Amino acid sequence: MGGAVLDDGPPGVKAPDGGWGWAVLAGCFVITGFSYAFPKAVSIFFKDLIQEFEVGYSATAWISSILLAMLYGTGPLCSVLVNRFGCRPVMMVGGVFASVGMILASFAKSITHIYLCTGVITGLGLAMNFQPSLIMLNCYFSEKRPLANGLAAAGSPVALCCLSPLGQSLQNQYGWRGGFLILGGMLFNCCACGALMRPLSTPKKSQMLEENTLLAADKPKAKKKLLDFSVFKDRGFVIYAIAASVMVLGLFVPPVFVVSYAKGLGYKDTNSALLLSILGFVDMFARPASGLIAGMKRVRPRSVYLFSFAMIFNGCTDIIGSQAKNYAGLVVFCIFFGISYGMVGALQFEVLMAIVGKEKFSSAIGLVLLMEAVAVLVGPPGAGRLLDATHQYMYVFLLAGCEVTVSAFVIATGNFLCIRREREDGQAKIEMAVSAAELEGLNQAANEEHDGGKKEQTGKENGKVRVLKVQEDMTVTEAPEDTGN
């Protein structure tokens, strides 16, 4: 039996919503932290790399860009691997790739070697861990899935708060080569997290299920698609993919430029860097809280609207924050941005799971990440060009806020108009089918009653004939006796 079948959840297996699922959640927490925080943590070594290889800042910035491109752009490849081999082996191999890439980069002789080792190999390894961990989390949690997604998403700000000072300490004590080597050793923990992703096992089957299995074994089994493009037939998925791609254009821009924004206002480097710590600290608590709210009975069926509210909240925060003129204004901006950013991070994959369902999630997330990869590569560089042209951060934050706000209206209006209409059409079809079935059932009952009446009448006539025949037989058998006497 293939691992992919088990990862999707065998028929009749209910998500445990606990038990070993908490171990899976812990592994997903660590993987999410590494995946999102590692590209930012590597930027700590950029100054040493600039001096070592005599390149500019733009050349070193490509390291983080390639990492993010591999994390998002290899989504379909990871979907194919997961559907072919299962989550656990893909994650363990990915952990080896992530670690080996950093170790090889510590022996680099040029910046190109770091592009290949840290950017491509480590980026691919992190991608092979990130996507399967979310798929397994979806398998192990159903009722508590929003909370589980929120807790797993909290790994990103926690890891960022830990990896940034750790990377700075490693750089001061061992240099960038020693730091890369130690970070590569840390990434071996991805293999341990992958080992936690135990596939769900099929429960003991009853005798009836065993008989059905034996009967089904004679029929040819449909092959599982390695990458299911039928998700594009789902209106909800198409609307989500478009909205998410537009959102990503502006979502990651403020964290990239807020420190430079503070420096441009004349504040010290330490105070400017503290803004990211404030943002990450608020984000750390906003994600689990958002997952808890999304799991409420009245809120969960409308989680897509909560997601659109989070996006509007984030976009409006960017627009208002663009008018900040002092450090206090930037601190307030980081607090509200951390709340809205955490809400978006906790809800984005929960909403996707709710839209496409469990069976198609592995393909859906891969395709969505591929579409977001283009936006990730275009968003921050495009904002940088706008900054070079205007020399004002206000326009950068305004553009980012408008992009996120537009995406919120796309998913909210699209869901209200298209998805609701599709559900109403589907309900109407069901009602028509039920009505047709009821009419057919009434006609069949009437026919049976009519046939039953005929049979009853025929039975009575046959009974009378049988009685007459018996009487005649008795008469015939009694006649010889009278003759004999």
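Positions of Cβ are set from backbone N, Cα and C atoms, glycine also.
Under the heading compositional bias 'Basic and acidic residues', TrEMBL lists 447-465.
Sequence annotations record features per position, and here TrEMBL assigns domain 'Major facilitator superfamily (MFS) profile' to 21-419.
Among the features that TrEMBL reports, region 'Disordered' is placed at 444-465.
Under the heading transmembrane segment, TrEMBL lists 20-39 (among others).
Taken from TrEMBL, the feature transmembrane segment applies to 59-82 (among others).
TrEMBL lists 89-107 (among others) with the feature transmembrane segment.
Marked as transmembrane segment by TrEMBL: 113-135 (among others).
Summarising the annotation, TrEMBL assigns transmembrane segment to 178-197 (among others). Among residues of the same chain six or more beyond the transmembrane segment (178-197), those with a C-beta under 8 A of the stretch's C-beta atoms are 23-24, 26-28, 30-31, 34, 38, 41, 45, 87-92, 94-96, 98-103, 105-106, 118, 122, 125-126, 129, 132-133, 136, 167, 170-171.
Residues or ranges marked as transmembrane segment by TrEMBL: 237-262 (among others).
According to TrEMBL, the feature transmembrane segment maps to 274-296 (among others). With a threshold of 8 Å between CB atoms, the same-chain residues lying at least 6 positions outside the transmembrane segment (274-296) that come near it are 143-151, 153-154, 156-158, 160-161, 164, 255, 258-259, 262, 303, 306, 310, 330-331, 334-335, 337-343, 345-347, 350.
Under the heading transmembrane segment, TrEMBL lists 303-321 (among others).
Marked as transmembrane segment by TrEMBL: 327-349 (among others).
Summarising the annotation, TrEMBL assigns transmembrane segment to 361-381 (among others).
Note on the transmembrane segment (393-419): residues 235-236, 239-240, 242-244, 246-247, 249-251, 253-254, 257, 260-261, 264, 304-305, 307-309, 311-312, 314-319, 321-323, 379, 383, 386-387 of its chain, located 6 or more positions outside it, place their CB under 8 angstroms from a CB of the stretch. Annotation source TrEMBL lists transmembrane segment at 393-419 (among others).
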PLDDT averaged over the residues of the domain 'Major facilitator superfamily (MFS) profile' (21-419): 84
Going through 89-107, 113-135, 237-262, 327-349, 361-381 one by one, which has the most CB pairs that fall under 8 Å from the transmembrane segment (59-82)? 113-135
Based on Cβ pairs under 8 Å, which of the stretches 20-39, 89-107, 113-135, 327-349, 361-381 lies most in contact with the transmembrane segment (237-262)? 361-381
May I ask you to check whether the transmembrane segment (20-39) and the transmembrane segment (113-135) make contact, with contact taken as at least three Cβ pairs under 8 Å and only pairs 6 or more apart in sequence counted? yes
Contacting positions for the transmembrane segment (89-107) when only residues 6+ beyond its ends and CB under 8 Å are counted: 3, 31, 34, 78, 81-82, 113-114, 117-118, 120-129, 132-133, 177-178, 180-181, 183-185, 187-195, 197
